[in-house]
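*Asks:* Below is the structure I would like to discuss, written out as C-alpha cells.
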Amino acid sequence: MLDLLKISVTGDPSSGKTEACQVFEDLGAYVISADKVSHSFLVPYTSVGQRIIDLLGPEIIIENTLSRKAIAEKVFGNRDLLLSLEEILHPEVCRFVEEKYAHVVQEQKYPLFIAEFPLLYEIQYADWFDQVILISADTGIRKERFLKKTGGSDTSFDLRCARFSSLEEKILRADVVIENNGTKEEFRCKVKQCFKALKGTI
C-alpha cells in the first residue's frame, strides 16, 4: 500500500489557507489545523498549560481557560515572549499532527492528508511533508480581509505578519503556489484543480 500523501497548506495571515483547506475537506481529504491543535493546549492544569502560565503569568487565565486574546496582547510585539511560547507549543502540535497522521493512515479512507501550518517554514517543519502548497495574496488584500474578519487594527495585522518569513522566500521553496487575489469562486476553482492534480500523483 502506498503511503498517504502528507500535504501542508501554508501562507501569510489572511491569505486564504483556511478556505483552501475547507475545499480540500469538502472533496474528501483529511484536514487538520495546526492553529486549532495549538488552541486545544490552551487549558490550565495540564503540563503544557502550566508552562504557558509560568511564561506569561496567571492573568491569562480567564473563566478557567487560557485566554487567546490575553495571550495575543502579551506576545504580539514582544518577539522573545512569542518565540518562547512557540517553543512550548510547536513541538506538541507537531507531535499531535504526526500521531494523527499515523491514525489516519490506518483508517485507509482518505485520499490525502492535509495540514494547515501557518508557520511551516518558520519552525523548520516543511521537510516532514511530501508537498507544500503556498497560498499567496497581495498584502493590501490580506489586510482588508483581516480587518473585515477580526475587526482588528492595522497595527495588529502588522504585528502578526512580522513573525512570517518573506513571501518571495516561501514561493521559491513551495511545491505549489495558489494565488488568491480574486474572487472566492475563482480561488475555490484553483484549489479544486490542485486537488485533482494531487490525486493524480497517488
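Any Cβ shown, glycine's included, is placed from N, Cα and C.
Swiss-Prot feature annotations, pasted as is:
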type	residues	note
DOMAIN	6-202	domain 'DPCK'
BINDING	Ser14, Ser15, Gly16, Lys17, Thr18, Glu19	ATP binding site
*Asks:* Please report the number of other Cβ atoms within 10 Å of the Cβ of Glu19 (ATP binding site).
*Replies:* 16
*Asks:* Given the binding-site residues Ser14, Ser15, Thr18, which one's Cβ is surrounded by the fewest other Cβ atoms within 10 Å?
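*Replies:* Looking at the binding-site residues Ser14, Ser15, Thr18, the Cβ with the fewest others within 10 Å is that of Thr18.
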*Asks:* Among all the protein chains here, how many other CB atoms are within 10 A of the CB of Lys17 (ATP binding site)?
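*Replies:* There are 25 of them.
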*Asks:* Using a 10 Å radius around its CB, how many other CB atoms surround Gly16 (ATP binding site)?
*Replies:* 27
*Asks:* Check the DSSP secondary structure of Ser14 (ATP binding site), expressed as helix, strand or coil.
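*Replies:* For Ser14 (ATP binding site) - judged by DSSP and reduced to three states - the answer is coil.
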*Asks:* Pop the mean pLDDT for the domain 'DPCK' (6-202) in here, whole number is fine.
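*Replies:* Residues in the domain 'DPCK' (6-202) carry a mean pLDDT of 95 in this prediction.
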*Asks:* Need the DSSP three-state call for Glu19 (ATP binding site) to compare against my parser.
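*Replies:* DSSP call for Glu19 (ATP binding site): helix.
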